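What TrEMBL lists as signal peptide is 1-27. Annotated transmembrane segment per TrEMBL: 280-302, 344-370, 376-396, 417-437, 449-472, 503-527, 533-560, 572-591, 603-631, in sequence order.
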Amino acid sequence: MAPRARSRSLLLPICTILTILIHGAHSFYLPGVAPQDFINGAELMVKVNKLTSIKTQLPYSYYTLPFCTPSKIVDSAENLGEVLRGDRIENSPYVFNMGDAKMCNVLCRKTLDSKTAKAFKEKIDDEYRVNMILDNLPLVVPIQRLDQESHPVYQLGYHVGLKGQYSGSKEEKYFIHNHLSFIVKYHKDSQSNAARIVGFEVKPFSVKHAYEGKWNDEKPRLTTCDPHTRHAVVNSNTPQEVEDKAEIIFTYDVEFLDSDVKWASRWDAYLLMTDDQIHWFSIVNSLMIVLFLSGMVAMIMLRTLYRDISKYNELETQEEAQEETGWKLVHGDVFRPPSNSDLLCVYVGTGVQFFGMILVTMIFAILGFLSPSNRGGLMTAMLILWVFMGIFAGYASTRLYKMFKGSEWKKIALRTAVMFPGVVSAIFFVLNALIWGQKSSGAVPFGTMFALIFLWFGISVPLVFVGSYIGFKKPAIEDPVKTNKIPRQIPEQAWYMNPAFSILIGGILPFGAVFIELFFILTSIWLNQFYYIFGFLFLVFAILMVTCAEITIVLCYFQLCSEDYLWWWRSYLTSGSSALYLFLYATFYFFTKLEITKLVSGALYFGYMLVASYAFFVLTGTIGFYACLWFTRLIYSSVKID
């Protein structure tokens, strides 16, 4: 069943973005995240969100399955990030009133046909989960851990149904969860009568409901679940099968529980991780190893360089100067512009754009502006920041271009503005076409697509040109030494100084710095879990920068000592090669942790991980390049060269 057509104007995502930026700066609470007080009897709006599965990674609108519907389905306004995530938030037929417990409330009765039965079976096969929202809190299923004393694990949403066998039978049947026992936890204000919702849990059951006589839509009365006789559903001993012509009665209970948890802490239980101790110890372990290696590298570099510079500056006679060896010999070629210098400028500018976006995003996240309670906020912020960081991309690429004695700055600006987004857009359009083919809500609507194109060509491209213009107007960066007119011949290199070998070696340490955190990031993205430890992520990002810079400087130093002055591209590729290891790890993760079997889902995974690896390449490569540029300028300006 295809999802209903949805019309979204261009203004909706942009207005939402501006609202977040404006209101977020003037108040403590973000829009939609401020606490809401409910008095007894107040109506609670239960909303339904997308159906999700970690087996297919394809979200679907809730009403693509023949669940009970309200009299009129109303879509909630969604921000840009929510639309791109495939969220489809709509009203539901569930009616809650604050403090009013309900038992065995009949929602509706459905009779399946072969088509609807098949739709349910397919979703049960793929382990789809139903997601709901109450007061901005997602619905969770509490699962008690083996040690009863610890906090339960919360799983987002409940399964549409399950597969099983009757005792004594080998035939596998499909059963639907048609009875939901909701628990709404609230925290009461001691000064007023109002309460705030701090928890939204459910226990799903599969029950073949029965009733006496003819069905009455106005006053349905069940024998399997009756509030008058206090007969509640407590197990799934008589489950409801999914089959052609099956009659399914959907029911629910609501229970309200007073909680000591305050509104400000209500997300804490959702963010508890099952292996938090492993996470903490692993991060600290990674930090200590990388800091130790960084200290060793810095000590070796400082001592060796200090000795080299002192030795070169003490050479007084022409004979001594002729006996020079090592990096000083190539001073006349070390700042010679590299081949494909235009492309290098474009990649460096794009890397600066990425660096700025990630740095500011992390600062916002650490300050709490991008918490999980602000659905889609992280993705929205990253897109907007990417667009506005275009000015720095243009500035960086053109400054480097002018240093290479280039004059056609507009060409560089255009390539910087369109090359990386163009590659990503091409992959994105192909993947989006595949999602459309599956009729998934994850397919980006045309209105949102137009908004993305407007952000790119209407804001990002002009900003790149503005930055390029400013960068080109500035005086060119002067080299610390003069470049010879005739290139020096590079002597034959040892096998370990082979460019391919040293580049691949250089990427191992930066990847090692983020390796453990990468596992948790992939788990949050592909296994539908929350990622929230942005403080640690920022720390890992800082370690990554230091590691990229130091490993590139060390290998660049060895290269110059071998009288190989072609360091420009190699410095970029040395730390950038960590992206190759990231993609290889993503492949390993796919085959060991995920249960994806469908071709489209596999294409989605590898497509998005290819984009992520490409972005990681641009980011780490730029960090390594600038570290090496600073290093070479420093050492060649520190020695006396006649």
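For all residues, glycine too, the Cβ spot is worked out from N, Cα and C.
Remember, predicted model here, so these are calculated numbers, not experimental data.
The stretch in closest packing with the transmembrane segment (449-472), judged by the count of Cβ pairs under 8 Å and taken from 344-370, 376-396, 417-437, 572-591, 603-631, is 376-396. Within its own chain, the transmembrane segment (503-527) has Cβ neighbours under 8 Å at 54, 57, 279, 282-283, 285-286, 289-290, 293, 533, 536-537, 540, 543-544, 547-548, 551-552, 555, 570, 573-582, 585-586, 589, 593-594, 605, 620, 624, counting only residues six or more beyond its boundaries.
Here the transmembrane segment (417-437) has Cβ contacts under 8 Å with residues 58, 346, 350, 390, 393-394, 443-444, 449, 456, 460-461, 464-465, 600, 603-604, 607-608, 610-611, 614-615, 618 of the same chain, all six or more residues outside its ends.
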